């Protein structure tokens, strides 16, 4: 068998292999595991043969009589001569196994037993197994780093079991509803440290090898297999102090342990915040944070042993940017939130993954905002999440938040922007219309009722509805399930159309699904969402009261119902709906209302409109212009106010939209005009932030720092004033340093910008200099920034070399960073054709390079969606997809979304581009 090996034992005995007729993708429900006693011996001494072996004793409770045991196993060798099955309740008695079978598609290992397993009896199954520590960042895998003190490679092992990879480490019931107690013992060389979910109970000698010991851990609380974690390593740690006595430690390799200071301080604070927010104490006696050289995700919430990429946990003062520090805080907060939402209460099945990820994403923002209110990060993080939602969920190929999961590949594919970012936006909307007291009361009740159990979204709706009515935050005729099912069970989000009757001061409010595909059939635009409507007028100017004034409702058949709102403002005043983007929708006004808004924005009095709403106005009108629902002349006039805008969020939203336009336009005759537009917009703000002057110490907020760095990226891209010259000068000064690895005159927050511009305008010698700095750096954020900048080169030879390095099996660029490098390279005008050809020519090899970590592989598709925009390119990409079907197993959704985005680009070029080109010419003529 391809991935599952069964061999004869020492005595030449083996079970007969039987064919299985069970072919459902879920495990049978006849049995429930109660407890795992897991013993694993890990050998890291021989780099050529890194392996593990062990046995697991599983206590099993039948819920119905059965003659087989079906569980999961993948890539494991099971020594069937050591398999035992016995009754352990009442009168202990041996049972036996007559035969085994496997279902490769569903990764089942099935044991057919001699005597029927009976309800009311507890059995113990013992399985001995072994396997290789893989390099796939999944299951039980190997990682390494170079000890900077002596230059030697050090090896470690660690697990990554979410969503369905525990079966690669030991045979188990690998589904989230099978919560069990785990008793873990790890055998290892005595020079290493063993970590797992629970505190160490004791260390005992290994009788067969005096250099090895067994680290035995306390019994866990009931948890699913995907939260089990363990690692063998030689790391150091930073201890933290918590008032309740919880042991809190932050681990990393010894030569970077000082970079743990921020995480060791911030982690306990955020944990205490969530204890207060949820009204429930953290239930475990300890929590370890572990920074790993090789890790596929940003972080993983394993109960009591949270694992991270080094980039996602470590912060080096004066070498890591403020933006990266904020990212570290948000990731830590996300993983701490999971200790309740996901760990204490776990979704019943992966179709409700958003209950884990959407909630963790949202309350993570609350946590960072509470611990560091001076950062004012809440609005930033939310708007960025909403941007992702709007881009992804405006595609026909998107999917509901809660979706059917029918295979292992479906599980992995569900970890996307819909589960995370849209999930968070849905929770925020609910929080705002319910109010603080009702929302938190409902969450606490839900967590208390389902603690150590599994739940579905209807269970959450029930708890929240009860609280909403208890606190009178929702009319009695409404219930949370009716409202929220409209957001979680159907794909997409609405555009709310506002048509004012200026003679009667009324407005008709209606909804339909927003789609970027202008040729989508009318049936695709149908849908109805329960939408809380908040709005304010030019005279009222109240953007802070976010309670809904009205609701858009759906009838019993799920059809939308337009409503009329009375007492609209006078005809010379605007109305703005969806205050602070409190609902997940776009707002399209009649032309007169748009003109009234534009008049305020361009008059210099724009700050009477909240900055989040200024950001939404920009995003909405550019999106509507892009689909032909509004005129580009109107959109360009609105964006012209940006010359006076000094807030981060409107600029972020504007530049994200203009980036998409620029990607499509760069091969057209209009690109020169577009460049003029960008220079006109950016020059005033470039002067305002004082260009490349190092004035960060005088800045009072993170927004100021982020605004400056954002503007400089775009100013240099469009060669505004002295931007390129100043960047090149900084780089020259750095190159002239005697010890450039220790002494860098470039301000920390500007290094990524300087690196990219210098490489783009430099030589192969400059590229080699920066590549050497990458190899010598031990700061993860710095290394990541350099990888991005190396792709900025315009030299074919340097870029070809870089492509080979990105996918080199020797992994000078770590696997988890390779997609970041590829997308950076493919984002350039010269780099994209090279990256496209390389990807198409080597797609099978690249897919195998990542598998089973296919979520990293999906990141490679983004540049195609951004850059392909004509019919020939679309046809070629469609043919490539058809011929490469086997290389897209598990990433079909991403492929379809990429194809749809290319179709949208082609539609825009064929139908909207001529209008845009004329509008741009007209707009620029009025500015000259």
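Cβ coordinates are placed from backbone N, Cα and C, and glycine is handled just like the others.
Predicted automatically and left uncurated, TrEMBL annotations should be read as such.
For 1-18, the entry in TrEMBL reads signal peptide. The domain 'Aminopeptidase N-like N-terminal' annotation in TrEMBL covers 33-227. Taken from TrEMBL, the feature domain 'Peptidase M1 membrane alanine aminopeptidase' covers 262-487. Positions annotated as Zn(2+) binding site by TrEMBL: 334, 338, 357. Here TrEMBL flags 335 as active site, proton acceptor. The site 'Transition state stabilizer' feature in TrEMBL is assigned to 420. For 574-902, the entry in TrEMBL reads domain 'ERAP1-like C-terminal'.
Here the features listed in TrEMBL are placed on the structure.
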{"residue": "334", "record": "Zn(2+) binding site", "contacts (Cβ under 8 Å, 6+ apart)": "299, 360, 361, 364"}
{"residue": "335", "record": "active site, proton acceptor", "contacts (Cβ under 8 Å, 6+ apart)": "299, 300, 301, 306, 308, 360"}
{"residue": "338", "record": "Zn(2+) binding site", "contacts (Cβ under 8 Å, 6+ apart)": "301, 356, 360"}
{"residue": "357", "record": "Zn(2+) binding site", "contacts (Cβ under 8 Å, 6+ apart)": "342, 415, 419, 420, 423"}
Can you count the other CB atoms that lie within 10 A of the CB of residue 420 (site 'Transition state stabilizer')? 22
In this predicted model, what is the average pLDDT of the domain 'ERAP1-like C-terminal' (574-902)? 96
Which residues, same chain and not among 334, 338, 357, have a CB within 8 angstroms of the centroid of the CB atoms at the recorded Zn(2+) site? 301, 335, 337, 341, 342, 356, 359, 360, 361, 364, 420
DSSP says residue 338 (Zn(2+) binding site), in three-state terms, is helix
